Amino acid sequence: MAPVTAAASGEEMHALVERMYPLCRSITGDGVRATLEIVGEYIPLQVQEVPTGTQVLDWTVPQEWNIRDAYIADTAGNRVVDFAASSLHVLGYSVPVSATMPLSELRAHLHTLPDHPAWVPYRTSYYKPEWGFCLAQETLDALPDGEYEVRIDSTLADGHLTYAEHVVPGQVPAEVIVSCHVCHPSLANDNLAGIAVATFLARALAERTPYYTYRFVFAPGTIGAITWLARNAERVEQVKHGLVLACAGDPGRLTYKQSRRGDAEIDRVMRHVLLASQRPHRVAEFTPYGYDERQYCSPGFDLGVGSLSRTPYAGYPEYHTSADNLDFVSPEAMADTLALCREAFAVLDRNRRYVNLSPYGEPQLGRRGLYDALGGRSDTKQAQMAMLWVLSLSDGEHSLLDVAERSGLPFDTVADAAGALHGAGLLKA
Amino acid sequence: MAPVTAAASGEEMHALVERMYPLCRSITGDGVRATLEIVGEYIPLQVQEVPTGTQVLDWTVPQEWNIRDAYIADTAGNRVVDFAASSLHVLGYSVPVSATMPLSELRAHLHTLPDHPAWVPYRTSYYKPEWGFCLAQETLDALPDGEYEVRIDSTLADGHLTYAEHVVPGQVPAEVIVSCHVCHPSLANDNLAGIAVATFLARALAERTPYYTYRFVFAPGTIGAITWLARNAERVEQVKHGLVLACAGDPGRLTYKQSRRGDAEIDRVMRHVLLASQRPHRVAEFTPYGYDERQYCSPGFDLGVGSLSRTPYAGYPEYHTSADNLDFVSPEAMADTLALCREAFAVLDRNRRYVNLSPYGEPQLGRRGLYDALGGRSDTKQAQMAMLWVLSLSDGEHSLLDVAERSGLPFDTVADAAGALHGAGLLKA
Amino acid sequence: MAPVTAAASGEEMHALVERMYPLCRSITGDGVRATLEIVGEYIPLQVQEVPTGTQVLDWTVPQEWNIRDAYIADTAGNRVVDFAASSLHVLGYSVPVSATMPLSELRAHLHTLPDHPAWVPYRTSYYKPEWGFCLAQETLDALPDGEYEVRIDSTLADGHLTYAEHVVPGQVPAEVIVSCHVCHPSLANDNLAGIAVATFLARALAERTPYYTYRFVFAPGTIGAITWLARNAERVEQVKHGLVLACAGDPGRLTYKQSRRGDAEIDRVMRHVLLASQRPHRVAEFTPYGYDERQYCSPGFDLGVGSLSRTPYAGYPEYHTSADNLDFVSPEAMADTLALCREAFAVLDRNRRYVNLSPYGEPQLGRRGLYDALGGRSDTKQAQMAMLWVLSLSDGEHSLLDVAERSGLPFDTVADAAGALHGAGLLKA
C-alpha cells in the first residue's frame, strides 16, 4: 500500500464522502450496509449483524428500517417533495403511509426550518412510531392548499443492526479504539467526514506496526456503540485509550472534547499535540452529550475516550440540515484532521514510563558516547538536555509526555533520548 | 403559622430589633434573659442557666453581672452621662463605684472616640475588675474641670450564664447549627439583626419539615459558645454544617466567611448560592478572629461552620459605637440576609450523592417517558441535559452540587432531574 | 569572632575573591588545594583526598592534573599567549605538549569567542585526552602565519581529588548542606563569589548555635559532588535541606532555582523570604542542568536542595569568559546574597510544626497574660492575632511558615507567638 500523503488523501477522502453521500443511512438497514461495503473497499471490515430484539445493556435492538421510495404529490401527480432527491426528506424510521389528505392535515407531519427557509432539516423518530417529511420552509410556503398524496414505502420489521470493525494489529494487545457513527443520511460533515478520516487513519497506521492495537468501530450512534459495548464486555478491559471522530471536515478549527476523566492519557496527548502543533484549536470539557463518547465514558465504563471534531456537535448552523453537504466539507480540512490524528497517535504510541537504572547522581554519559567531550560551552545540545531530563524524571512516576511538558522540549526529542538511554542500558521500560 | 414573606418579615424583624435594642445585654445577666424572653414570643426556646464557676473547656463561667443605674453628675446634680439614656454609657462588667472625684482623676475611667466625636464607644472589661464610662468626645470636651459624682449601681456575684436553643426537627438527626451572639448592649447590627434573622429563619424552616435538623443557638459571644460546646460534646458529632449569623442588617453587600476547612459543604453551598443568585457579595477566607466561628472551627472541633454577615466584623466605622443603631439596620437588608439563608439551606437540604444503577452506557430514558421521542433537534431541553449529567456523575463521588457546578445547570434543575431518575429506579440514594 | 556585618563582610568577601582569583583551579590538582588553604584561614576545613581510580557512584576519580607553565611563542621567542597572564589560556586538563607547528596546524587547538573578540573563553576536556589554548579572537587575528612554538608543561598522573567540609554544629543532628564548586580557574562570579559567600555564611551561622547542623561542602563540580555523595551514603539520610551557591556576586537580581521536588521546605522558605524581603528576584523551576543541584536532586537521592544565584548559569554574556573577572562581582552584591541566605536560614531554623494542647475552643489567653484585658476595641494587636492563628493551625499538619503565609503575618511575629504559647504550655513541639 502506498504511504498516505496529505494532499492525496484529502482528495481521496472527499471522493469517499461523495460516494457515501446519497445513501439513506439510519440506525439499521441497507443504507448502513451499503456504506460499510464502500468503506470495505479501502480497508477490510468485519461486519456484524445483531438481530432485532437482542438485549444490549439497558436497550433492545430495534426493528430494522428500510425505505424504497417516499413522496408528497399534488393532485396533478407532481412530486413536490421527493425522497429520490434527498434522503433527508423522510423522517428517519417513518412507518409506511399511503394516503391522500388536505395540506391542513398533512402539516402535522411536516418539519421545516423557518429560520433557514431554503434548508431541509434532518429529523428522526426511532422509538415512537411516526411518519413525516422534512422539507424547506420555502417549499412549504409555495404549496397551495388542497389535497396531497403522501406515500412512504418503508418497512419496519425484525431484522438486524449492522456495524463493522477493522483492526490494525500492534505490538501489544492493549487497544486504542477509534469510533465513528454511520447512521446519518445525506449529511457530509456529521458522519461521512468522520468515516473517511477514520478509514484513511487506519490505512496510515498500518504503514508500520504501531505499538498499540488500533480498533476502528463503524457503528450507528448510541444504539450501535451500546451494542458494541454489550458484546465486548471483556475486550473493554483492554481499551486503554480512544477517540470518537465526528464533524471532521468543516472549515472550523479543531476541537478536542476531553473524556469524562479529563486527565486520561488521551486527553493529555491531544492537548499537548494541539498546542505543540500551533494549530488554532479549542479544548472542551466533557459533557454527557454529543456523540458516542457518551457511551464509552458512561460511569460504569469510564474509558479514556475523547472526541475530536472540527466545529463540534450542534455548533454550526448547517448542523442537521441539508446545508451539511459536499461543499461544506473540504479535502484540506479532512487532511488536517487526519494529520492531527496521526501526530497524536505517534505521541501516544511512544509515550512510556521508564525507570532510571543509575539514579544516584548522574550517570557518566561521556564514557557511553552520549555526551560531548568538550566542556565549558553553554550551547549544550537539545538532545543532551533531553537525556538529562529523562534521567531526572524517570522514577516510574513520570511519562515521556511529562518529561516533554516539564522540560519544554519537543516530545520526539525526548522520546529519542529515552531510546538512546535505553539502548545504553541506563533505562528500564 | 403564616408563611414568611420577604416584605412582611423585613418589617417584623426590624420591629423585633427595636424591642430588644434598649436592653443592657452582657455575657451574663438579666439583659440576656429579657432578650431571650422576647425571642421566645416568636419561637419556643429552651433556656439554659449555667452556674458561675462551672468549668467549660479551658474557661470558667464568670460571675453574673447586673446593673440598675449609672451616671456621672456635676456638682449641681445634673447627670452629664446617664446609663438610662443608653446602655453603652457603662463599661461592660463595671464593678460598682460611688465616689466623687475631680475630672482629672475621672478621665482614666472615660472612653471616647476622638475620630468620631459624636459617637459613644462600646467597651467591656469582663475578666479584669474595672469600672468606667463611655461617652461622646464632644460631651467630654464640654465638661468643665471640677468635681463629679460617679456612681455605678452594679452587682457582680455568683449567678448564671444564660443561653437558649430552638430546634426545627428534620427528617434525619444530622444537624445544622445556626448560632448568634446575644451579649452586646444597644448595638443593632452587631447582634440584634443576627438574632432577628435567626428567629425568622427558624420560623421559615419549620414551614415544611427540612431534611436536616436545624438547631438555633442564642448565646453570649465566646464564653457562651464555649459553654454550649462544653455541654454538648456528643451532639457535636452530629453537627454536619453550621452558620454563625452576625452583622445581618447593615446596608453593605453580603459577606460569607468560610469555615476553617475552606471546602466544607456549607462553604461550597454558600459560594454557589451567592454566585448563582447574582447578588453582589464577597467570600472571605477563614480567620481565627470574628464571631463564634472561632470556637466552632477551633482545631479540636473543626466543624464545617461558616459565618454570614453583611459588612463583616469591624468592617464599618459604626462598629462597636452608638452609631450602630436602629437606623443603621434596615428591613430590606435583613429580609435579604434571611432570603439568602433560605436559598442556601434549600440547596444544602437537597444536596445528596447518588449512585447510577444503570452505569454501563446510558439507560434508555425514552421508554421511561423521560426523553423526547423526536430526535435530531439541537435544542435539547435543560431537564434532559440535567438527567444526563446526573447519570454521568452519579458514581458515589459527586454530589448534586458538583453536578450543578460542572454542568452549569441550575441546582434546582439538577435536583429535580435526580428526583425523576430516582423515581424511575435509575438512582440509589 | 566579631559578628558579621553587611558592609564589612561585602568588602571582606571581595578581598577573599581577589586572593583566590589568580589560581588555576580544575577538578583536581594543586589549584584546588591552594584555594582550600585560603578558605581555611577563614573557617576551619576538613580536607579530603580521594585517590585516582576510586569508584564513585557511576564515575571513577580521574587522574590528577597539574600545570606549571604554558605558552605559544613566535619564532622570535615572544610569548603571544601565556598561561602566566591568565589561567584561562590553557584548555583545562590539557595533556602536555612541546612542539613547533605552523599556525594553520595550531588552529585546531585554539578556542576563541568570535562574538566577543576581546574575551578569552574557558574550555576544558576532562575525559578525553586533548591539549589546547584559549585566547581572544583579536589576539588570534593579529597572529601572522608561520611557525609557533607551543608548550604545555602539565602532568596528568595518578593522584587525588580534593574537597573540603566545614560543619557548624546545631541543636539537632539533622543537616542543612551548603555546597559550592571550587573547580573553575580565574572566574570570579562563577565559583569564587559562591565560595566567599559560603565562607562568610558559615561564620555568621556560628555566631549562635543554629537549630540545624549546617554542613558546607567545597568540592569540584559534578565529580566532586558525586564523590561526596558516594562517600556519605548514610549521612545523606539526615540531610533535610540544602542550597547550592553559585554566581553569587554579579549585579543581577537574585534567582532561586527550586529543587526537583519543587515543594521542598527549602523551596517554600526561599520563595517566602524572597517575596517578604521585597527584593527583585526570580524563582525558577528545577532543571537537571546547572550546578551540583543536578547531583543532589538526582532521582535516587531527590534531596530538598535548591540553588541560589544572582544571574543564573549561562545567563550572562560574561559567563565562562575572561570578562567574569574581579570587576564583574561587587561587595554589595555578595553582601546581599549573604544577607538573603541568613534571612532564609533564620526562617528555616525556626520553622516548626506544633500541636495545640488546648484545641477545643480557644484557650483563655487573658488569664495567662497573653491577651489584652480591655475588650471591644477593633485594633487587636498583631501579636495577639498571631497567637490565634498559631492556635488555629497547630494541628500537626501546618508549619509556622504555613501560618505566616495563610495569615499574611510576618514569619517572625508568628514564630514569636508560637514561642509565647509554647512557654505558656499551650503548644507541644
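Numbering starts at 1 and runs along the chain as it is shown here.
Every residue, even glycine, has its Cβ placed from backbone N, Cα and C.
Unlike curated entries, TrEMBL annotations are predicted automatically.
Keep in mind that what you see is a predicted model, and the values were worked out from it rather than measured.
Per TrEMBL, the features are as follows:
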type: DOMAIN; residues: C:14-351; note: domain 'DUF4910'
type: DOMAIN; residues: C:64-155; note: domain 'DUF2172'
type: BINDING; residues: C:HIS184, C:ASP190, C:HIS320; note: Zn(2+) binding site
type: DOMAIN; residues: C:353-428; note: domain 'UCP01524 winged helix-turn-helix'
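Structure with TrEMBL features highlighted.
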residue: C:HIS184; record: Zn(2+) binding site; Cβ neighbours (10 Å): 29
residue: C:ASP190; record: Zn(2+) binding site; Cβ neighbours (10 Å): 28
residue: C:HIS320; record: Zn(2+) binding site; Cβ neighbours (10 Å): 24
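Proximity to chain A, defined as a C-beta distance under 8 Å, is registered for the following binding-site residues out of C:HIS184, C:ASP190, C:HIS320: C:HIS320.
The DSSP secondary structure for C:ASP190 (Zn(2+) binding site) is helix.
The helix, strand and coil residue counts that DSSP assigns across the domain 'DUF2172' (C:64-155) are 16 helix, 37 strand, 39 coil. Summarised by DSSP class, the composition of the domain 'UCP01524 winged helix-turn-helix' (C:353-428) is 36 helix, 12 strand, 28 coil. When secondary structure is read from DSSP and collapsed to three states, C:HIS320 (Zn(2+) binding site) falls in the coil class. Over the domain 'UCP01524 winged helix-turn-helix' (C:353-428) the predicted model carries a mean pLDDT of 90.
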